[in-house]
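A.B. asks: Take this structure, written in structure tokens, and hold onto it; I'll ask about it next.
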Amino acid sequence: MKPQIYHVDAFTGDPFRGNSAGVVLHADTLSDAQMQLIARELRHSETAFLLKSEESDVRIRYFTPTVEVPICGHATVAAHYVRATVLGLGNTTVWQTSLAGRHRVEIHAEHNDYRITLEQGQPSFEPPLVGEIRAAIITALNLTEDDIVPGAPIQVASTGHAKVMILLKPDVDIDALSPNLAALTAISQQIGCNGFFPFQIRPGKNETDGRMFSPAIGIVEDPVTGNANGPMGAWLVHHGLMAHDGKTLQIQGHQGRALGKEGTVDVTVTIRDNQPENVTISGQAVILFHAEWAITF
């Protein structure tokens, strides 16, 4: 069967919002080079290629327009939304394998639609970025030290695909950020992390607003990022920066407003001994169109 290509908006229930992803079904016959060419042609921040797997229900590979990445939150939501729709799934648990490992995905059938919940990887944190590197990140984002929440480190956090966490004061106009992309690319090469996630907490709410810049891997700005909002939740627990009941923390991560692509990632962090133990992200999706690949490689 020829590969089937879907254009999906993830982390939204409305078309033309959220984060668009390519989803390619029946990708088993495609080579690495062909997958990269397709991802480059589709020009989504990530395209997910679904393949058969002997150890899971499905294997997924993820490509930006320029490089393969371990995993991608919004493309995972998009991929399982398409798969559930095509197969007519009900409420079920699916296991997927990717370069980031083996993860559980929950398919929730609701109101003749689906909500997808992805269990992310174990939260991890690198030492805070300090001194010249910290200053360079702040400068590259066209911010000042006064824009950063006092006592909040600038730090790489990961639940599978690492991002740099930068917590801004609530009065910073996050939509007005205009980073120096060349500088961010150079910093990425220095620190070994390609995503920068400045965000802020809405006062008195378990809600955040963020933006994610990743020019080093061909993504100027990602509209709505599961692999940023998930580790963000873990990072907030790790540093005691958002109140919780000691068992779970639930956050609505808002993103994409500056691009006119608003979307929401529902983040749940399970907690043990006041530290993050497990992270899930959840969201909706919309299929805009699908097509069959017409050419033969």
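Just so it is clear, glycine is given a Cβ too, placed from its N, Cα and C backbone atoms.
Keep in mind that this is a model prediction, so the values were computed, not measured.
So Swiss-Prot lists these for the protein:
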- Glu46: active site (ACT_SITE)
A.B. asks: Give the number of CB atoms, excluding that of the residue listed as 'active site' itself, located within 10 Å of its CB.
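C.D. replies: Neighbour count, Cβ to Cβ under the 10 Å cut-off: 31.
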A.B. asks: Need the DSSP three-state call for Glu46 (active site) to compare against my parser.
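C.D. replies: In three-state terms, Glu46 (active site) counts as coil.
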